Amino acid sequence: MARQTSGAKREVFSSRFAFVAAAIGMAVGTGNIWRFPRDVGAGGGGVFIIALVLANLVWAVPLLMAESLLGSRSRLGTIGAFRHFMGRKFAWMGGFMGVVTVGILFYYTVICGWAVRYFVYAVSGKFASGVDRRQTQQLWDGFVASPAQTILFHVLAAFLVGFVVIRGLKGGLEAVLKITVPLLFVILVLLAARAMTLSGAGEGLRYLFVPDWGRMLDGEMWLGAFVQMAFSTGAGWGLYLTYSVYMRKKEDFALNAGIVVAGNHLASLLAGIAVICTVFAVQSPQYAQDAVAAGDQGLMFVYLAALFGQMPGGTWVFAPLFFLVLVLAGLSSLIAMMELAVRNVMDFGIQRKTAVVAIVLVTLVGGIPSALDLDVLTNQDNVWGVGLLISGLFAAIAMMRYGLERARRELDLTSDFTVGAWWKVLIALFPLMFGAVFGWFMYLSVTDDSQTWYDPLQTFSIGTMVLQWTALLVVMLLLNNLFSRRLSRSPLTADGDERSPAHREEEV
């Protein structure tokens with residue numbers, strides 16, 4: 001028997017600014033700071049940015065709007081929202097979406113711990129004049145080889161976020177994110193402005209923005225743009241769905257989604273300017289090329305870290321500011337991930353404090369393998385990062401089952417910008433876009449690793465991805481009936497009114 005909710009009203013964001021700030025904080029993460037600068041340069045500069053903008057328009061915006069409808073109308077987390085919109089047989093889809101994001105939560109907490117550790121290094125003057133790449137490489141190698149340090153900062157990051165989430169929406173998430181997200185953008189603007197004043201920054205700007213038109217038909221470049229978009233905007237994660245549970249009754253679905261995507265893209269561009277211009281200005285073009293090729297961690301914690309001591313004010317001003325940005329970006333996304341997990345647990349009738357304690361403990365245990373072994377972290381990043389594409393497909397399917405015209409009318413009801421047929425067309429085409437992107441990813445993975453792509457024991461193979469996705473799908477299908485029986489039903493809207501009979505009929 002489904003649980004009944006209490007008579008208490010749901011918490012809601014106090015204003016549109018509070019909701020949008022939280023949603024942008026959800027979207028802007030460490031990937032904006034370290035993955036985007038590397039991917040845009042390697043992907044053909046301006047061509048990659050064009051592909052990314054297109055991916056945002058045809059994939060991220062309509063999908064975020066779908067998520068906002070799922071969350072705001074059901075007033076439930078991912079599992080309950082899918083049950084509400086699709087019926088009792090489909091709660092497993094919301095379970096898959098939620099667990100994929102929780103899988104990211106485990107290793108992302110470790111990454112946030114790295115950011116906190118390097119912020120501590122920065123404020124203690126670790127990146128002083130005379131520190132070169134060899135020394136920063138030794139510092140990084142020593143840190144990740146020390147289980148005591150990696151686990152300690154993993155625990156610290158989890159506790160910091162748990163402390164915010166346990167305080168609820170207004171006293172925790174909203175109170176913190178209304179300050180930290182604007183602060184994040186202020187610091188990014190300062191860092192980007194400083195980077196552009198450095199001698200030689202023009203070479204970095206050319207590297208970032210001048211299009212390599214020969215890459216326009218490069219399938220690998222387009223795949224990179226769509227994966228970066230899915231990971232960066234949070235579309236398909238269920239995070240925007242979760243925040244939409246707390247959306248006020250008459251919010252603008254279309255405008256909010258557009259602002260979040262634009263804000264996320266702006267953060268990426270500012271971070272790209274700050275990082276790439278600094279690398280090109282302070283060192284040789286060859287050093288810059290090596291830095292971009294060094295991967296996410298190498299670019300941030302080795303090559304860039306070695307440059308701060310060579311900049312005026314780098315040691316005591318720009319190094320602390322840069323790693324503070326990394327901390328703020330990481331923790332703002334981590335807050336959303338933990339709230340997603342907590343919201344789903346609360347939908348089973350568990351109190352917030354109990355749910356937060358449970359999720360923090362599970363996160364601590366689930367993140368330990370990634371804290372101890374970088375290969376495990378990279379494996380989980382690949383598995384669940386690509387798994388987000390599947391989650392996005394499920395959100396589109398939910399809209400189709402609910403009825404695209406019905407969903408469009410509900411989205412349009414409170415939107416200042418008309419939600420026209422374009423939204424229905426893009427959601428209807430979503431399975432085709434998913435098939436093209438996902439199929440191309442599979443093709444490239446097989447051709448690049450023709451000998452071991454099928455081996456589930458290989459760290460980066462298609463085999464290990466399919467094995468983990470399949471295992472999760474089987475578990476969620478087995479738990480589907482339990483989810484449907486035990487979830488709360490008839491939650492209150494933001495104004496305390498019960499949902500319409502049409503919505504309740506979906507759950508009978």
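Cβ from N, Cα, C; glycine included.
Keep in mind that this is a model prediction, so the values were computed, not measured.
Per TrEMBL, the features are as follows:
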TRANSMEM  12-34  transmembrane segment
TRANSMEM  46-70  transmembrane segment
TRANSMEM  90-116  transmembrane segment
TRANSMEM  151-169  transmembrane segment
TRANSMEM  181-201  transmembrane segment
TRANSMEM  221-241  transmembrane segment
TRANSMEM  253-282  transmembrane segment
TRANSMEM  317-342  transmembrane segment
TRANSMEM  354-372  transmembrane segment
TRANSMEM  384-404  transmembrane segment
TRANSMEM  425-446  transmembrane segment
TRANSMEM  466-483  transmembrane segment
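Recorded stretches compared: 12-34, 90-116, 221-241, 466-483; the one with the most Cβ pairs under 8 Å to the transmembrane segment (151-169) is 90-116. Ranking 46-70, 181-201, 354-372 by CB pairs under 8 A with the transmembrane segment (90-116) puts 354-372 at the top. Counting same-chain residues at least six beyond the ends of the transmembrane segment (46-70), those with a Cβ under 8 angstroms from any Cβ of the stretch are 39-40, 81-82, 84-85, 208-213, 215-216, 221-222, 224-226, 228-230, 233-236, 238, 240-241, 244, 247, 251, 253-254, 256-258, 260-261, 265, 269, 392, 395-396, 398-399, 407, 410-411, 419, 423, 426-427, 429-430, 433. When the stretches 181-201, 221-241, 253-282, 384-404, 425-446 are ranked by Cβ pairs under 8 Å to the transmembrane segment (12-34), first place goes to 253-282. Outside the transmembrane segment (384-404) by six or more residues, the chain places 59, 63, 66-67, 69-70, 81-82, 85-87, 90, 93-94, 96-97, 100-101, 103-104, 227, 230-231, 235-238, 241, 424, 427-428, 430-431, 434, 437-438, 441, 465, 469 with a CB less than 8 A from a CB of the stretch. Counting Cβ pairs closer than 8 Å to the transmembrane segment (253-282), the top stretch among 181-201, 221-241, 466-483 is 181-201.
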